[in-house]
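K.L.:
Before anything else, here's the structure in question.
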């Protein structure tokens, strides 16, 4: 019986929501281990659509324990709002169904304001953040001045911690010509939220250790994608946390030995939201067709996603940096009807062929994709639930991708519906 880590193998938006929902039916515990409420996912359960951005996917399923780990940055107001939205849809999430690590750093209004101020002032050099305060909150965590969930327990000690935080932030705000934050007002705001969020607080490391010893199946759910990792992604056009699979351990308080199987969610083509390099991006009619057929708009931001052909170089690199055992290939049906399909199998950099994606920003912008072409298919793959249902050319495409990235397909998704899935290998039976 294995514990499973799910990560996106590209720039996010690979279809993790459906796969995690499908896996969460088998899991006993579902854990979010990094990120914040900047990465949304959509679930369809019993015909009802749920849009989540902070809570783990298992939260909409009765009998599942959902956990937010210490690697997440938590906006307490966003948590309260998301819980209220679920309540309005008939899903009550009490402390018996959700636990949050006591050492989770909080996103405060000043983080959101700073995020927006920086992004709006960075004309021409924007990173493409969602302006939800994720980056500034992680900065405070690393700077050892963050307000953490457990800090809300003691009202007498909280003001001194807020003063220490504001020594840093008000200095920045003065430099930006923005009104300073009143310490008492921030303390009052936090203490007003405390009764709404503290009932969910727990020692998550201890809770997960007990779950492991009790033989529970644990699903670790990553947000975004590995190419947005702060170290291994397309820096500086990345998120502010480690999104690779190994961060599931540090971001939830378990040892690396608790991670048995890594499933990489991989789109059958490539998309990206926001700024940054994208070697296979298509700005022609083909790119528009991929975007239209794939309904490529961000769940959180509503921004249209940039679209391009599958990049085997990037995914092969992610397979290595994440230690991926198998991939879940999604949105194969979007490629239905193309006469031919291209795949990037290498790059040219300054006239030289390379088989990796460089770390330096200038080199990332200069790489040119080397394509190979495969015959497309006219028959539909939508709704296929077995290999026999797929056109021969589609099967050939899938096998070709396996060969190029050096990793087998464990799951194949052929539509947004959770049952339209071909299971090759169950990750929980690793």
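Note that Cβ sites are derived from N, Cα and C of the backbone, with glycine treated the same way.
These numbers come from a predicted model, not from an experiment.
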K.L.:
77, 224, 317: which one does Swiss-Prot list with 13, 14, 15, 16, 38, 39, 40, 41, 130, 144, 239, 303 for the IMP site?
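P.N.:
Site partner of 13, 14, 15, 16, 38, 39, 40, 41, 130, 144, 239, 303 for IMP, according to Swiss-Prot: 224.
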K.L.:
Between the binding-site residues 12, 15, 40, 302, 304, whose Cβ has more other Cβ atoms within 10 Å than any of the rest?
P.N.:
12
K.L.:
Among the binding-site residues 38, 42, 414, which residue has the fewest other Cβ atoms within 10 Å of its own Cβ?
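P.N.:
The binding-site residues 38, 42, 414 were compared, and 42 has the fewest Cβ atoms within 10 Å.
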K.L.:
Among 13, 302, 303, 304, 305, these being the recorded positions, pick the one whose CA is nearest to that of residue 42 (GTP binding site).
P.N.:
13
K.L.:
Among residues 13, 14, 15, 16, 38, 39, 40, 41, 130, 144, 224, 239, 303 annotated as binding IMP, what is the maximum Cα-Cα distance? Answer in Å.
P.N.:
35
K.L.:
Report the nearest neighbour of residue 332 (GTP binding site) in space among the recorded positions 13, 130, 224, 302, comparing Cα positions.
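P.N.:
Of all the candidates listed, 13 is nearest in space.
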